[in-house]
Amino acid sequence: MAEEKSKSSAMDAFVKLEKVGEGTYGKVYRAMEKSTGKIVALKKTRLHEDEEGVPPTTLREVSLLRMLSRDPHVVRLLDVKQGQNKEGKTVLYLVFEYMDTDLKKYIRSFKQTGESIAPMNVKSLMYQLCKGVAFCHGHGVLHRDLKPHNLLMDRKTMMLKIADLGLARAYTLPIKKYTHEILTLWYRAPEVLLGATHYSPAVDMWSVACIFAELVTQKALFPGDSELQQLLHIFRLLGTPNEEIWPGVSTLVDWHEYPQWTAQPISSAVPGLDEKGLNLLSEMLHYEPSRRISAKKAMEHPYFDELDKSGL
């Protein structure tokens, strides 16, 4: 009975202030810890009807987050609380540090005023993103769902942190087959769109490239509304790939004969980005995944030379 009491009172430590979102696996609240007055984000995980105990997806997420939380550019998991809902089912609350905005809202605020994000701020955010991604990859974890919405930010300090590792999966070499129902379409790498079942860290770097371009222009680089349209957006800018450009492309499950486009200069899609930035962007947008720049290498790119990296 004491056990029951501790479960239901696990959440008495917090006051829920407002619902701030809906993650892959459950609701997210802004809450206050009663004992300290500290503001936190509570992620309540939804357990399926037929599940006894905690779903393996959640356990995986918790163990990954505990490991990755050491990096300043990954959102910090402060605690895990177990409680019970009204029906008496077990509910898990993940307690995260609270960040006041995300990159999607940040970009939208500039779009609304018609202003551009200062080039040095783009550079700082991109460096932090590459640093966080390099940390995840260095620990054998692919995020697989990087997009502005799950990059949290502190507007005052311009600190960026990667969140929603709900779909992240530790990859061990040789890289296993993955389900390809992942990633918001706009940030989805071409190998995923074409049905590749072996992914590498390069899928995240494609997403990073799309986020980079969006920071500069406040517009999605490839805003497709279906998998086919998404591919055609990519082909129109980068040219339709072939075996010469991307060996093995025609053997991918969803490869068909596509309209033939020739590559356009990337600068046409990202006006306002300087030469070093365009070079880095093109290094991230290679069709062949093995040629795409890694996050670690990207951090050493001349584009970041003028950036003051102390404190990042």
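Here, residue 1 is simply the first one shown, and the rest follow in order.
In case you wondered, yes, glycine gets a Cβ from its N, Cα and C as well.
Feature annotation from Swiss-Prot assigns domain 'Protein kinase' to 14-304.
Taken residue by residue with DSSP, Glu22 (ATP binding site) is part of a strand. Glu22 (ATP binding site) counts 10 other C-beta atoms within 10 Å of its own C-beta, drawing on all protein chains shown. Taken from Swiss-Prot, the feature ATP binding site applies to Val20, Gly21, Glu22, Gly23, Thr24, Tyr25, Gly26, Lys27, Val28, Lys43.
Taken from Swiss-Prot, the feature phosphothreonine covers Thr24 (among others).
Taken from Swiss-Prot, the feature phosphotyrosine covers Tyr25.
Counting Cβ atoms from all protein chains shown, Asp145 (active site, proton acceptor) has 21 others lying within 10 Å of its own Cβ. Annotation source Swiss-Prot lists active site, proton acceptor at Asp145, citing sequence analysis.
Summarising the annotation, Swiss-Prot assigns phosphothreonine to Thr179 (among others) and lists similarity to another entry as the type of evidence.
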Inter-residue Cα distance where the pair is Asp145 (active site, proton acceptor) and Val28 (ATP binding site), in Å: 18
Asp145 (active site, proton acceptor) and Val20 (ATP binding site), distance between Cα atoms, whole Å: 19
DSSP-derived class (H/G/I helix, E/B strand, else coil) of Asp145 (active site, proton acceptor): coil
Inter-residue C-alpha distance, Asp145 (active site, proton acceptor) and Glu22 (ATP binding site) (nearest angstrom): 15
Local Cβ density at Val20 (ATP binding site) - other Cβ atoms counted within 10 Å: 17
